Amino acid sequence: MCGIFAAVSNESVTSTLVGGLGTLSYRGYDSSGIVVSNENGLVRRRAEGKLESLSALLSDQPVEGYVGIAHTRWATHGAPSVINAHPHMTDRVAVVHNGIIENYPALKASLEKDGYVFESETDSETIPQLISRNLDKGMSPAVALKDAVRQLDGSYAIAVVFADEPQTIYAARYGSPLVIGQGAAGHFISSDSIALSRVARNLCYLDDNEIAQITVDTLSITNADGITVAKEMKPLVVSQQDQGKQGYKHFMLKEIHQQPEVMRNTLNHYCDPATFTLKEEAFPANLSSFERLSIVACGTSYYAGMVARQWFERYACLPVDVDIASEYRYRESPLSTNTLALFISQSGETADSLAALRYSKEQGLTCLSLLNVETSSMAMESDCYLRTLAGAEIGVASTKAFTGQLLVLLLMSLQMGKASGRLDRDAERELIKHLFTLPVEMAKVIDEMANIDTVAASLMHSDHTMYLGRGMSFPLALEGALKLKEISYIHAEAYPAGELKHGPIALIDNKMPVVMIAPPGPMMGKTLSNLREVSSRGAQVILISNGAGIEMAKQHITQAIEVPETAPLLQPLLYTLPLQLLAYHVACMKGTDVDQPRNLAKSVTVE
Ligand code: F6R
């Protein structure tokens, strides 16, 4: 989604602004722009498409200065175009905005009535126009901004520069994150901390209704009552692991390879490696007091919830509902306070998940979130949260955050089983011991996917594919199909293999490759029967299984991806890897933009 970067520096800011936007580009965008404040006033450059277009424009029409604001836009109100790109401005003020102004039609009508002329179709342009009207009434920049944001309904993170106060940038937030960095060269503002790592040493987060004012060497923050807020600046820590592609062709590939490390960090955070037991203090205290679990999430995080449902049922003996966040609020399902509401989100900013969390809180439920970003809105608004330790994930298609979520959910289900007395010490030790083999087993699977290129080559010309699995392999099939759709743009459907005969089998012919996920276990025989059903109708079948499964099905399959024998507990985590790698290699062969697929955004902050 949209990204904001702003700088007041003792060095020229243009390349810093464009560099900052480059770091934010993983969030997804379709146009970009900057405003620099210099001796000519507020000078704007905007371009549609990738950042290269903005860089090309800036080398054609250079602009330099020590103060500037910048933006990557992911279109919501109005098509991706130069005219709709940020910054939006009048001759007195320029603004970059992330969020949605819900009451913009009324505000716009009132401004137009007063003679203010809009050039774009965006909700965001309302903000500079409102500020300008206040300036025209004689208000100072600080008062004009404060009064303008008071009139906004919806969510916003904004950075603002005034023609009359050219050495200062203001920032304000409500519902959309904003972080302020302090570095050797000055002060900086961004939508997330990753973009500050090149320029800042310390940072602080703005809270809702606060307004910050930065110059090259000062930072002041006031709250809604105008009272100065003293914020602690914390050192900016971005792990080496999270920086750059580190020799990999894409962030997604790097992140796939980081998964053993993520597993190791997660296990060490939640378990004691000396005793193979769960660290009780790493989990919220009252987990055993709930009689029902309601999991709510979107996309990949929702699929993690679907896998985890079976762990919570098995180990904690809890009834579990799993809902898509955008549907959950509107279902009017009866909620009772003995239900724990669990929200899963990598970003912690997903608008639908955040709205579902707020709804659950209103209904009196205890809300626990599982998040990859500790400073996110969902972390702030939940009763408590658990961390995934995936580190920054830059590839839009989630990989390491998904497996990170799976592992924490599995550990949480064991902790709930333990807390309620259903899981005894010996069983706990046995299971945790297996889990500690996961980093090595994952690394082995990733390194040994030797034939994945050949399998990918057989899929790359397909228009459609079907992914099938039973039990936990069904949500994995959904996740595998989503990965393929997201980055290769090949249509992929996923079904529980047993559902095939109830409709989807009509789609099967020799143009419909089928990816069949069949780990060893009680479901394998039935899954292989489904495999024969599709193969006898002409489908090319790609089987993901162990050696024995592949041997059993060899007459009915076109290709196979072998996953080494493993403890059943580890299967969902290990069987995810070939699905990620398959999608990745198909996308590379098709030459798509793997890390920033079309139309997608990393953090979906609109409903
Ligand atoms: C797909 C993917 C998305 C996200 C979804 C929710 O690869 O990552 O489906 O899972 O947009 O985002 P979060 O987890 O940040 O709430």
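Cβ coordinates are placed from backbone N, Cα and C, and glycine is handled just like the others.
Unlike curated records, TrEMBL annotations are generated automatically.
What TrEMBL records for 2-217 is domain 'Glutamine amidotransferase type-2'.
Look at TrEMBL and you will find C2 tagged as active site, nucleophile. The DSSP secondary structure for C2 (active site, nucleophile) is coil. Sequence-distant neighbours of C2 (active site, nucleophile) (same chain, six or more apart, CB under 8 Å from its CB) are R27, Y29, H71, T72, R73, W74, H86, H97, N98, G99, S191, T605, listed in sequence order.
Annotation comment: TrEMBL describes 283-422 (among others) as domain 'SIS'.
Annotated domain 'SIS' per TrEMBL: 455-597 (among others), in sequence order.
The feature active site, for Fru-6P isomerization activity is assigned by TrEMBL to K602. Cβ neighbours within 10 Å of K602 (active site, for Fru-6P isomerization activity), excluding its own Cβ and spanning all shown chains: 24.
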**Report entry** For the domain 'SIS' (283-422), the number of residues DSSP places in helix, strand and coil
**Finding:** 62 helix, 28 strand, 50 coil
Query - the domain 'SIS' (455-597), counted residue by residue under DSSP: helix, strand, coil - result: 76 helix, 26 strand, 41 coil
